[in-house]
Amino acid sequence: MEITLFDPIDAHLHVRENALLKAVLRYSSEPFSAAVIMPNLSKPLINTPTTLEYEEEILNHSSNFKPLMSLYFNDGLTLEELQRAQEKGVRFLKLYPKGMTTNAQNGTSDLLGEKTLEILENAQKLGFILCIHAEQAGFCLDKEFLCHSVLETFALSFPKLKIIIEHLSDWRSIALIEKHDNLYATLTLHHISMTLDDLLGGSLNPHCFCKPLIKTKKDQERLLSLALKAHPKISFGSDSAPHFISKKHSANIPAGIFSAPILLPALCELFEKHNALENLQAFISDNAKKIYALDNLPAKKVRLSKTPFIVPTHTLCLNEKIAILRGGETLSWNIQEIA
């Protein structure tokens, strides 16, 4: 059995920087045509020059791959700065509520404050797309749900602004997407295939710790259903986020799952299991092209076959290991050719 996927798109990707970028980028740049690149670096991408520098670094270490750059939402995003970014091809803003995830200490503390709303008004006028880490302070399993009132306010106040709920994790958010024309979402492999049991049902597995948390069986099943039918307002976004094993095995575990090396084989396996392979093309590419109005992307054909793929346990960077999701397991699908 074989399947060919055309122009895969990852609508939410972390490729880090410097040596770590060089170590992990190929896992995404080789099989994917494009990816929306997250701006939460150690020094966040708060303006056009820093964003373009990072874009150049990615382009210097990849080929036939389009990084879709995003700006880190901050009070310095004046109308002039947004116009400058737009002129250079930057179309995405990423809003991090302060302290909600990795490198979000510089995030937005007042989501409905006057400055935030002013920036969103300008973003709407210029046709930016707003990607939001939709969590607010509260009980860990309810953080996305607690952000619903903010999402509704944004959707109603800025009806022409496309708003993406990144890494949808709570089944209660589905109704919001279906209610508001300008609300969309991305789904990760881990949120549609894993639950809290994978994180802490046995021994604690730090390599399954992410934000937002993987949640209950009901959440996983409802989100998987969206993916399997390639809901037109949903696109695939891996949120692949590598960390060194030494950090993952520390007393202060960073959030992030490194899934990039297995994404397409694992999705084929999952969709085949549920008799939905015919919808994988839409989920992995077609929906994103429509939602984000993407064209002129590098053309790619990725041929996968139903042959065993033993997932490596890790990859290396500067003699440090980075654990790979499902490392040591055997997947039933594997990439045979990328053209």
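Cβ coordinates are placed from backbone N, Cα and C, and glycine is handled just like the others.
The Zn(2+) 1 binding site annotation in Swiss-Prot covers H12, H14, K94, D239 and is backed by sequence analysis. According to Swiss-Prot, the feature substrate binding site maps to H14, V15, R16, N40, H133, H243, A255. Annotation source Swiss-Prot lists Zn(2+) 2 binding site at K94, H133, H167. The feature N6-carboxylysine is assigned by Swiss-Prot to K94. The active site annotation in Swiss-Prot covers D239.
Geometry remark: A255 (substrate binding site) versus D239 (Zn(2+) 1 binding site), CA distance 11 Å. Sparsest Cβ environment among the binding-site residues V15, A255 (other Cβ atoms counted within 10 Å): A255. Each residue contributes its Cα atom, and for R16 (substrate binding site) and D239 (Zn(2+) 1 binding site) these two points are 12 Å apart.
Spatial neighbours are here defined as Cα atoms within 10 angstroms of one another, and by that definition the neighbours of N40 (substrate binding site) among the binding-site residues H12, H14, K94, H167, D239 are H14, K94. Among the binding-site residues K94, H167, D239, the residue whose Cα lies closest in space to that of V15 (substrate binding site) is D239. The binding-site residues listed here (H133, H167, H243) include H167 as those with a Cα within 10 A of the Cα of H12 (Zn(2+) 1 binding site).
Proximity of K94 (Zn(2+) 1 binding site) to non-local residues of its own chain (separation of 6 or more, Cβ distance below 8 Å) is seen for M38, P39, N40, S70, L71, Y72, F73, C131, I132, H133, E166, given in sequence order. Of the recorded residues, H167 (Zn(2+) 2 binding site) and D239 (Zn(2+) 1 binding site) place their C-alpha atoms 7 Å from one another. Here the binding-site residues are H12, R16, H133, and the one whose Cβ sees the fewest other Cβ atoms within 10 Å is R16. Annotation note: H243 (substrate binding site) sits in a coil segment as assigned by DSSP.
Listed in sequence order, I37, M38, N40, D239, S240, A241, P242, G256 are the same-chain residues at least 6 apart in sequence whose CB falls under 8 Å from the CB of H14 (Zn(2+) 1 binding site).
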